[in-house]
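Chemist: Heads up, here are the entries from TrEMBL:
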- 6-23: transmembrane segment (TRANSMEM)
- 48-70: transmembrane segment (TRANSMEM)
- 76-95: transmembrane segment (TRANSMEM)
- 102-121: transmembrane segment (TRANSMEM)
- 141-162: transmembrane segment (TRANSMEM)
- 169-193: transmembrane segment (TRANSMEM)
- 208-226: transmembrane segment (TRANSMEM)
- 238-258: transmembrane segment (TRANSMEM)
- 270-290: transmembrane segment (TRANSMEM)
- 313-346: region 'Disordered' (REGION)
Amino acid sequence: AGFGAGLGLALASSAFIGGSFVLKKKGLLRLCGRARAGQGGHAYLREWLWWAGLLCMGVGEAANFAAYAFAPATLVTPLGALSVLVSAVLSSIFLNEQLNVHGKIGCILSILGSTVMVIHAPQEEEVSSLESMAEKLQDPGFIVFAVCVLVSSLLLIFVAGPRYGQSNVLVYVLVCSAIGSLSVSCVKGLGIALKELFSGKPVLKEPLGWVLLVCLVICISIQINYLNKALDIFSTSVVTPIYYVLFTTAVMTCSAILFKEWQHLVLDNIIGSISGFLTIVSGIFLLHAFRDMPFTPSLLPLFLQPARADPHPAWSTADRHQSCQHQPLLPSEDKGSQSAEEEEEE
């Protein structure tokens, strides 16, 4: 029951989040000369389409929140690839962004890779109370990871952002992905707290639950702000797949450090998880790298192209040119050899 509920909530979350990217981008495009998010403006707060996208993202994040409470992070996070598919398809319909054959193949590969990762995903350790969650949060490995995430995010925001934020899509997306790995940990802890609250335990008196709630609000606020900047500057078909790859990598790393998920895995599950993730990355690369390349029938192999009136026009022309080129060379050589023989005889 928990697996089915987590799977259904994760699928619903991907649908809502994928649609939210398109709605928010549509609202950002309607600013018409006002202060845009890419230049630090907040005029998008007056657009109802942007608020509709934010509402869809809120519903998707709520479903994602519930999915993390019922299922492990290694099951929920890879299914986020479906949001890439939803966003790419809707962007091609409503935003006139190109989705060629390479993009469609990339979407299919992302779905297949997510399926493989779900099948071979490691199961996290059982965390059933806030006390056990507090013990894991105090682990030295997780503390080092959290400090590295915060320091790198500050460097990206205050050092790399003013210099390269307008030209490099990785700057703002890296901020969202790094902070997102911490927000998933907060979501997992709050899900455990809600389960204990519904079971009748005095969770509201525990300070850890309130600390996780405050940290989650801060992390989500940072993610929304810099995701808006990335969407305003770059294409949705660029931001969405790159954000998925980096966010999934950060979450999987954080979950492995926090919950020690990879310690008791057999070799075939390790290979399956890595292969599934690489398949997703390959699909995302196809979706991103060839998004502006037109795919016409002339790019097909010759045996798949439509039949022509003259099946070999180039060959016949080349043969005629070749014969014309070789004909004057042979007589000149013969004449040269004949003149050389006459001179020798004289």
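Yeah, the Cβs are placed from backbone N, Cα and C, and that goes for glycine too.
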Chemist: Can the transmembrane segment (6-23) be said to touch the transmembrane segment (76-95) if we require at least 3 CB pairs below 8 Å and skip pairs under 6 apart in sequence?
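Modeler: Taking Cβ pairs at least 6 residues apart, the transmembrane segment (76-95) and the transmembrane segment (6-23) are in contact, with 3 or more under 8 Å.
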Chemist: Please figure out which one of 102-121, 208-226, 238-258 racks up the most CB pairs under 8 Å against the transmembrane segment (270-290).
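Modeler: That would be 102-121.
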Chemist: Using a Cβ distance cut-off of under 8 Å, indicate which of 48-70, 102-121, 141-162, 169-193, 208-226 has the most pairs with the transmembrane segment (238-258).
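Modeler: Going through each listed stretch, the top one turns out to be 169-193.
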Chemist: Using a Cβ cut-off of under 8 Å, list the residues of the same chain at least 6 residues beyond the transmembrane segment (208-226) that approach it.
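Modeler: Contacts with the transmembrane segment (208-226): 54, 57, 61, 130, 133-134, 137, 153, 157, 172-173, 175-176, 179-180, 182-183, 186-187, 189-190, 193.
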Chemist: Taking 3+ C-beta pairs under 8 angstroms (sequence gap of 6 or more) as contact, is the transmembrane segment (48-70) in contact with the transmembrane segment (169-193)?
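Modeler: Answer yes, regions in contact.
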Chemist: Below 8 angstroms Cβ to Cβ, which residues of this chain, lying six or more residues outside the transmembrane segment (76-95), approach it?
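Modeler: Result: 6-7, 10-11, 13-15, 17-19, 21-22, 25-26, 29, 60, 64, 67-68, 103, 107, 110-111, 113-114, 117-118, 121, 184, 236-237, 240-241, 244, 247-248, 251-252, 255, 276-277, 280, 283-284, 287.
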